[in-house]
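Copied over from TrEMBL, here are the features:
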COMPBIAS  437-456  compositional bias 'Basic and acidic residues'
DOMAIN    38-157  domain 'Ig-like'
DOMAIN    166-275  domain 'Ig-like'
REGION    437-462  region 'Disordered'
TRANSMEM  283-307  transmembrane segment
Amino acid sequence: MNSWKMECLCIFSLRNLPVSVSSIISHCLIVTLLVCSPRIINGADRFKDGVLVTDSRFYLQQGRSQRISCTSLNDTSDVVVVFWYKLPQVPDGDFEPDLLVRFTLDLHGGNYSAGPRYQLAPDMSLIIKSVVGEDAGRYQCQKVSSTQADNRENEVEVVVLDEEFPAARGVVREGRNITIKRNQQEFEISCPIEEVSNLRQPTVYWSTETSGLDEPTEIVAQMFSDEETYTTNDYRFASSNNLILPAVNSENSVGLWCHVSSSLDHLFLQSARVSVNIQDESYVGLIVGVLVAVTVVLIILVFLVCWKRDRVKRTFFKEDVHLQGPSISSGNQDEWTLETYLGPKGNNFGGKFSSLKSVASFNKSFLAVLDDNGLHTFSPDLTRLDHVTKLKASPENYVTMVTHTDGLLLLLGAKNGDVTSVSFKPFSEKLFCSLSEEKTDPDEKNEDSDSIKEPKGTSSESAALTMVSHELTDLAVDANGDVYAGDNSNHTVTIFTPGQKGCSKRSFELDFPPKILAGGSEGEIFAHNGDHGSPIKRIKVNDKNVETVFLDVKNSPVNPVNVLVDNSHVFIVSDTKVNGQMEILQYDNKGNFLRPFVKPWLGIQGMCMFASGERLALFDHSIVRIYRKQLAKNRVV
């Protein structure tokens, strides 16, 4: 029997408790032991995050104490046993994996053991002290939960860096070219990856090319997650993450690379190249003058061309951007073609989305994008209407956005339970409804609320009370125009029915937190608790009762992370469990599998169909990909 299974059988005291009590006790014990136990966090001094290449790959710097994490340990609330192993170099050989760290939790405390060069961080990640070349290889983490229902294991690959940065540079971003004078002193170069200034505890490397463009580069500067820096060859860091270049008097050009990752912000390795051209001082003025003149001429020409073009022609074309995205399949009837980007890879509005939350359509063909910067709106040809529309509340307070059934209004949900309606031409944002109960004035009683029956479990007296707090999770609109708001604070769903004097509301309680909602036919919604392993529930609501049934998905296993409904079809965003890739599966409203609609792709969050179903917006946390429906080549008309 494997060692982790034997350890699991010993933790009987936690398993005999109810799940909720066990989770609370387990979480408290873990926090107490990891924070208070000097054996776990001492000895590693100030550890640094490794370079996060992917969820399963890290670059570690030789000679530093660095940390690697594991996706199996993202949720430690129910953990009772944790193992970290170093796997043998030959996977099929007779060698056993080396046990590096073991942590066992029970009601009487915890047992912890680790090798002399290994420690367990408070978040259960592995700290390797004073990394050496032999630390390269494959590692395995194992988690045993208190219920055994969430036992997991994953592998992590470690590459040890010495003086060179590998040619595998993660996602290569657009770089820049600069020109400096020969022998110019202390020229400051900024990293082309603009979001590095907004990252929390980033890891930043600068390296120089010593041979070919696709060859390893020589590391000249390092800034680790604990803000400690190391530099060589007279290079040094300026403010932020900028690099100060020493005087160059021999080369004609220098190729520099900026490499950035952040474990805290879950940003995988990004790299961008800076080409530094060295010019003799006598020619610099002439070259700058020529460049300025050419630039002015080009600007004038571009302006004249754009002036004559139709507004539709002023959007950027496919050849302006190297388009990449997942393929979409809708059977033998139609083909979806990737048309353009909105976001960092596109130049439609010259910005980027920060923690993108939702995409919705309004006025049939217009598009709205909600992120931490505000509400971005786009016309049917995807030219920018308004870079950032000013909202009443801080953009970070909004959690979701849906389109009302009339197609003219957008409904925005805030964390505190307020639901606002947004209309355009002119722009206005008004309070639509709220989860918070307002004190009732008898002279201003909502006539619509007289016809609404309170379901079982609610009280009409509660209308006179003011709720202390709410946590709105998601919004959904059914075919009748009723708006459903999920409340995580009390596991309820509130139904808002618009009327002439505002909106009436009634609530029903669920046995799970309604983290994800999707509207269906009249009086119908689909709900999910946000846990990948939990089923989706189909809820039918009328004036008399609430019926909740499981959506009998016929194509298991499915790991839902989002649910979308379009007409009679249910689309489930499912985690493939492979390197953070998501796919979208299409079902009918009874759970019968139709097809894999969107093939696996990294980080997919959801989609929005607009323009009468002829276009589709597929989005992740920072990019919106726009697809257009075309007639299939093999379709018979």
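Cβ coordinates come from backbone N, Cα and C, glycine included.
When the domain 'Ig-like' (166-275) is classified with DSSP, helix, strand and coil residues number 5 helix, 54 strand, 51 coil. Residue counts for the domain 'Ig-like' (38-157) under DSSP, helix first, then strand, then coil, are 10 helix, 58 strand, 52 coil. Over the domain 'Ig-like' (166-275) the predicted model carries a mean pLDDT of 88.
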